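Per Swiss-Prot, the features are:
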TOPO_DOM  1-26  topological domain 'Cytoplasmic'
TRANSMEM  27-47  transmembrane segment
TOPO_DOM  48-74  topological domain 'Extracellular'
TRANSMEM  75-95  transmembrane segment
TRANSMEM  99-119  transmembrane segment
TOPO_DOM  120-131  topological domain 'Extracellular'
TRANSMEM  132-152  transmembrane segment
TOPO_DOM  153-160  topological domain 'Cytoplasmic'
TRANSMEM  161-181  transmembrane segment
TOPO_DOM  182-195  topological domain 'Extracellular'
CARBOHYD  Asn184  N-linked glycosylation site
TRANSMEM  196-216  transmembrane segment
TOPO_DOM  217-285  topological domain 'Cytoplasmic'
TRANSMEM  286-306  transmembrane segment
TOPO_DOM  307-327  topological domain 'Extracellular'
TRANSMEM  328-349  transmembrane segment
TRANSMEM  353-373  transmembrane segment
TOPO_DOM  374-389  topological domain 'Extracellular'
TRANSMEM  390-410  transmembrane segment
TOPO_DOM  411-435  topological domain 'Cytoplasmic'
TRANSMEM  436-456  transmembrane segment
TRANSMEM  459-479  transmembrane segment
TOPO_DOM  480-536  topological domain 'Cytoplasmic'
COMPBIAS  516-530  compositional bias 'Basic and acidic residues'
REGION    516-536  region 'Disordered'
Amino acid sequence: MTLLALKEDRPTPKAVYNWRVYTCAAIASFASCMIGYDSSFIGTTLALPSFTKEFDFASYTPGALALLQSNIVSVYQAGAFFGSLFAFATSYFLGRRRSLIAFSVVFIIGAAIMLAADGQRRGVDPIIAGRVLAGIGVGGASNMVPIYISELAPPAVRGRLVGIYELGWQIGGLVGFWINYGVNTTMAPTRSQWLIPFAVQLIPAGLLFLGSFWIPESPRWLFANGRREEAIKVLCWIRNLEPTDRYIVEEISYIDADLQRYAREVGKGFWKPFLSLKQPKVRWRFFLGGMLFLWQNGSGINAINYYSPTVFRSIGITGTNTGFLTTGIFGVVKMVLTIIWLLWLVDLVGRRRILFVGATGGSLCMWFIGAYIKIAGPGTTKTEEAKLTSGGIAAIFFFYLWTAFYTPSWNGTPWVINSEMFDQNTRSLGQASAAANNWFWNFIISRFTPQMFIKMEYGVYFFFASLMLLSVVFIYFFIPETKSIPLEAMDRLFAIKSVHNANKILMDELNFDRNPEREQSSLDEKDRVTQTENAV
């Protein structure tokens, strides 16, 4: 099997895997670049000497400073929580593409407001207000982009294409982690030093805004809203095939059948998906989607993203530049491993297996780091020149090993699964629920991490390690493998009782249904058996 080999649900023309579908996914993923950047730059910006001096952090007690920092960080997640819910309404009435335009505008306004902050008159209030609006923008985009990409993607590369969204997140995060190292080493600690990281937010948001005028609307949304001719035209353009091609005819028939079935079972309309929550199978999938983000945030990733200087200081890394450098390396490792996940792991190894490995290995690393901090107490050292012990070096190694386990597993896979497992009539609501869950748990972590490090110290790492172990049990019993399964067959996948064998069972069913020669051979065999029995 080659690196980029694909497992197809049916014979697929090579033209389907064309530049158009990848370009649309890449443009939509500018949204994740702005999410990744905003998630990573804020922690190190709050540690910049110019920022701490401008807003007089030295005058705060440790508890008061932790509260201020957590408020600056967490209002973004609070806004994102509500933005992800607003996206359900905009998705229904405006569609996927125009929703992306709207949320990029909201983000741009929020980012511009942040630039008005200063230490003399306005204080940090513009930053807090702007981060609420920016949060609404990224919350809506985090809902919309995985849906949009999954509805454009051929099944064999759906994980890879939704993974571009995760790659964009890591690229934005990489820039966010390194930008403060750059301004801290090359610029004097003036107001301009900390304004630059805030201003850079406007770049990915502007690219998303402009790019959204070029990408087409989701053909599935167009079909669902009665714009059939436009939907077929868009589908043919994305697939690079003629309307009469067998692949296009089959895909249209699958979409039609799915829409007709749900029109009967659920009905059409803005409120109808809410009525579908009466069905246990729908509620169950909403629960699964939300729990995936609980376990993702329970790994500790966002404690590191938002408060990396605090995290590295607890291990024993002191000095502003040293902390920024270590954080930047963390961003590089994450991006490289995301590319590996995107090109190989997610669609070849599958979703379940990498979640198992990531949670198990990551948990072991967290146990080691916590034990080291408990025994050595490196975070108690106050001097900037403190040297790392061999145990401290080992702890840093295990931190990066944790990154190697977490990134190609839990970082993007929950988004992929949530983009796949809901049917057409509940997909927007389901993704809104999943994104809201992500931002809710994100808010909890970002709001309380500074206080957790003050109160729990090494226990923070034991806490995250325990949650990662619990996620292994959850995945084994409740999450089926979704790779290569058409969106229209997800109901059948989640109806199969044998969770660990569900993917194989369904793929065998799909291959049998689409192989008339095999079916005819089976019928001929039955006829021969019947004739033999009659002869006897």
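Glycine too: its Cβ is placed from the backbone N, Cα and C atoms.
Fair warning: this is a prediction, and the values are worked out from it, not measured in the lab.
Here the topological domain 'Cytoplasmic' (411-435) has Cβ contacts under 8 Å with residues 80, 84-85, 87-88, 91-92, 139, 142-144, 146-147, 149-151, 158-159, 162-163, 165-166, 169-170, 220, 224, 255, 258-259, 262-263, 266-268, 272-274, 276, 282, 285-286, 288-290, 292-293, 295-296, 301, 334, 338, 341-342, 346, 351, 354-355, 479, 482, 485, 487, 490-491, 493-494 of the same chain, all six or more residues outside its ends. Using the rule of three or more Cβ pairs under 8 Å, pairs at least 6 apart in sequence, the transmembrane segment (196-216) is in contact with the transmembrane segment (161-181). For the transmembrane segment (99-119), the residues of the chain that approach it from at least six positions outside its boundaries are 28, 31, 34, 53-56, 79, 83, 87, 90-91, 125-127, 129-138, 140-141, 144-145, 148, 191, 195, 198-199, 201-202, 205-206, 208-209, 212-213, judged by C-beta separation under 8 angstroms. Using a cut-off of 8 Å between Cβ atoms, the transmembrane segment (436-456) and the transmembrane segment (286-306) share at least three residue pairs, counting only pairs 6 or more apart in sequence.
Remote same-chain residues near the transmembrane segment (161-181) are listed as 21-22, 25-26, 28-42, 44-45, 47-48, 145-146, 149-150, 152-153, 196-197, 200, 204, 305, 308, 321, 324-325, 327-328, 330-332, 334-335, 338-339, 341-342, 346, 407, 411-412, 415-416, 419 (criterion: CB distance under 8 Å, separation of at least six residues from the stretch ends).
With a threshold of 8 Å between CB atoms, the same-chain residues lying at least 6 positions outside the topological domain 'Extracellular' (48-74) that come near it are 42, 118-119, 123-124, 127-128, 131, 180, 183-184, 189-191, 193-194, 197, 306-307, 320, 443, 446-451, 454. The residue listed as 'N-linked glycosylation site' carries a helical DSSP state (H, G or I).
Taking H, G and I as helix, E and B as strand and the rest as coil, DSSP gives the topological domain 'Extracellular' (48-74) the counts 22 helix, 0 strand, 5 coil. Residues 40, 43-44, 46-49, 69, 73, 177, 180-181, 184-185, 369, 372-373, 376, 378-379, 381, 383-386, 388-389, 392, 395-396, 399, 449-450, 453, 457-458, 460 of the same chain lie 6 or more positions beyond the ends of the topological domain 'Extracellular' (307-327) yet place their CB under 8 Å from a CB of it.
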